Every structure is written in structure tokens, then in C-alpha cells.
Amino acid sequence: QIIDRHKGHKCLLSVDFPQSVSAEIVESPELTDHHVCFPQDDNWAETTTAVTGTSELSISQEEVVGLGKEIQDRTRNVRRYLPLAVGLCVGLLVLATPLVFLLLPAVMWPDRLQACGAACEGLFLSISFKLLILMVAIWALFLRPGRACLPRVCVYRAFLTTLTLLLTMSYWLFYGVRILDAQDEDYYGIAQFAVSLVDSQLFVHYLAVVLLELRQLQPCYSVCVIRSTDGETRHYNMGQLSIQRAALSILEYYYRDFPLHNPSILSAAKHRAAKHLAGLKVYNVDGDNGNQSRAMVAAAAKRKDSAHNELYYEEADYERRVRKRRARLVVAVEEAFTHVRRMTKEDENAPPSDIMDVREAALAVFPSMARSLQKYLRTTRRQHCHSMESIQKHLAFCLVNNMSPKAFLEAYLSPGPTLQYGSERWMADQWTLVSEASVTSGLKDGAEFLLKCLDFSLAVVVKGIPYIRLSEEYVDPKSHKFILLLQSETSV
């Protein structure tokens, strides 16, 4: 009986698998978190170089690398939160300026101010609601945590920030010359001046919405993204964006749409190519270089003619083995899921020895399918993408939500998008944008740029969406008339 302590899900579990299978699978290092995809040298300790020092002022290489990494992390944090801090300061200045305009006359020369009555109170109410709306709008548009650290400043954001500061400083100059110096007694005019400032700030925010959000919604370009290692390709439509903002959008699409990059498949292809292009050993016995060259050319031509046959049979054998492993995995998972079913009222009298939580139930069911899953992932070269802990967690999730065996297998039969795996599986948070044009310039037809990470790169080609001319042709409904021609040779 499976009982989820958080949601109260219950299932009935019946397990009769041999203990030897369980011990063999659980102790296997293939599906653990410490699995290494690439072969390691057994004699690594004999060739390791250690950096040591005897001086009190000496510093090791590891400390130098750690110091550089610490400085880089600090700089990264500053660049990440600096735009947010600048936006917060500008927002506070924008919201506080109208209030200061109203408070200064009441503090500096209260006895000389003229009473404006209900008209001023209406202006106060208008300013209060407009400032509240402006505060919510600024929070929604600007005071958001940054999604990425871009190489250059966003031109539109810098323009809007500068325009806001110029507008505020202009109002402050006018306020200092015409109101503070003259000590204006018309408090109704001062309130109207503050209201005009709030209205101008609302229009600036509307301009920010148009430039930052609405302008890029209409698709203008078709972007082709190609991964350099395996040629995986996707196409996206984009609007009027700068190159660096387009690169940010492409990376977000990449983590959502592209399958996880698998270097094991690429290493297998390189191994096969190296096997086909292995050097031919030709021994020069008689010292005849001409005969040696002809022999090498003939052997290379013969090997080239048979290379496609070897590749064909090798791929056919690989597909056969994948289908075989897949069939065994499907059968093993279906048999394992038959031992688990949801608990009903009829099963409330189950013996206490069968009661266990979801985690324990997943651990009990997992050994029956682990061997087939391990062999399938090893055959498809995706064993490094799934750890044993993640598989057991996914199994427990499927048991809690009463999912079918097919729903459980879908995560392993086909490679999923990059974001569905843990960050330790891809570790590509550092990207480099390579572009001949300025990254702050907008996208253009025929533009090309590159997004590089540690293991591969994304080549981006921009094509403009053509102008479409659509015409209309009227069809008269009375023109739909037909004549039936009867002939003796036809069946009609």
C-alpha cells in the first residue's frame, strides 16, 4: 500500500521480484550521479603535476584560479543588479518629485498660500490615483529581475531613462525659478503643475510600453538556428529586435525546443569515421616507390567503395539493437506497473507489512525495470542524461498521479528539450555572442551571428519575411452550373 504523506494518494503494491536482480541493478554505477561518460586514464596519478611552493609569499595555481573566479563572480553580480538598482532610483525620483512639489510650499511659506478649497482637494485625489497607477506600471515593466547579462546596454532603456531624467530635471528647473524663488502664493497653480508632471510621466511610460513590448510583437524576420555539432535546426519568427536581444530570445527558445546536446553520439560518429579512415600499412620491400604509391591508391579506392556498405550494415545493426532494447524495456515497465494499483476501500484491510510511502514503493518497483532501462540508455548513448535518483523520482511522480507505463517511458524513449534535464547535465550558462555588426543594431535581412558556449555553437541566419500582396477575385454564385453528358460507354 502506497501512501503519499503530502497528497494522501494510496496504491496497493505487490512485489515478487528476485533479490539478486535488485542487488545487481542498484549497485551498478551506470545510473548513478557519479557516472562519467568519457573513458578515464587508470594511471592518472602517475602523470599528475602538483604545484607547490616553499616561500611564505608564494601562491598556488589553484588559489590564482579561485581568486580570478571570485572577482568574476562579483563583477557578474554587479552587472546583474546594476540595471535594477538604477531603475529603482529613477522610479523613486519620479514618484517622489510630485509630492515634493506639493509639500515644499506648505513647509516654506504656509502663511502666504492662498486657500483653493475643493478644487485643490480634487487635484490631490487625481495625483494620488495617478501616482498609484504609475507605481504599479513601473513595477510591472521595469522592476523585474534580469533574465540575462547582455554585453551592451539596451538602447531603448537608456533612451527612456535619459528622457525621464531630462523631463524631471526640466520640471525641477522651472519649479525652482518660477515657484521657489518667487514664492508663488497660488497653491492651485502649484497643484496643477504637479498634475502636469504626473501626466507627462504617464505618457513616458506609455512610450516605454510601445518601444519595449509592442514594437517587437509583429514578426518581421525568420531566424534559422543551427547547432554546429549535430546540425539540429529550428526556425523562429521575430520582430524588430537588436542583435543582442534577438540572441537572448534565441537562447530561451533553445532551452525550450532543442533536444539535449549529446556528445556521446558525436564521439561514436568520430570513432566510426576514424575506423573507416584508418591508415593502411604498406611495406616497401623492394624499394619501389612507384609500386608503393599505386598500391596505396588502389587500396584506398577499394576501401572507399566498401565504406558505404559498412556504414549501411552498421546503422541497420544499431537500429535492430535499439528496437530490441526498446521492446524489452516496454515489456519490463508494463510488468512492473501491473504490480501497483490505486488503493480502494476494499483494500483498507491490507496487512501493515505492505504499507509504504511513494519513495519506498518506487525503490521496490524500480529493480525490475532497471536492467532493461540501463541497457536501452546505454545503447542509445543517453545514460549520462538520467541519474538513478532522477529516474526513481520520476517513477514516484508517475505512481502518485496514476500515470500509465507509456507516460513513464516517454521521458526515456525520445530525447527531451534541454530545460527538462538538470543544469548539471548541460551547464551552458556562459554564452559568447560573435557578430560582425554592432550587437545594439537591429536585425536585418541576411544578417549572421554566432552564439558560442563551451562544447558547441549556434549559427544564426536572419531572413526578412517578404511583403505579401493579396488580391481578391469575385466568384459569381450563379456561375456554378453544370451539364451532365450521358454516353452509352460510361457507367453514368
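Cβ coordinates are placed from backbone N, Cα and C, and glycine is handled just like the others.
As annotated by TrEMBL, transmembrane segment applies to 81-103 (among others). Remote same-chain residues near the transmembrane segment (81-103) are listed as 124, 127, 131, 134-135, 138-139, 142-146, 157, 161, 164-165, 168, 171-172, 175, 179, 190-191, 193-195, 197-198, 201 (criterion: CB distance under 8 Å, separation of at least six residues from the stretch ends).
Here TrEMBL flags 123-142 (among others) as transmembrane segment. For the transmembrane segment (123-142), same-chain residues at least 6 beyond its ends with a Cβ under 8 Å from one of its own Cβ atoms are 87, 91, 94-95, 98-99, 102, 188, 191-192, 194-195, 198-199, 201-202, 205, 208-209, 212-213.
Annotation comment: TrEMBL describes 154-175 (among others) as transmembrane segment. Non-local neighbours of the transmembrane segment (154-175) in the same chain are 83, 86-87, 90, 93-94, 97, 101, 193, 197, 200-201, 204, 207-208, 211-212, 242, 245, 440; each lies 6+ residues outside the stretch with a CB under 8 Å from one of its CB atoms.
Under the heading transmembrane segment, TrEMBL lists 187-212 (among others).
A Cβ distance under 8 Å defines the sequence-distant neighbours of the transmembrane segment (187-212), meaning residues of its chain 6+ beyond its ends; these are 94, 97-98, 101-102, 105-106, 113-116, 119-120, 123-124, 126-127, 130-131, 133-134, 137-138, 141-142, 156-157, 159-160, 163-164, 167-168, 171, 174-175, 179.
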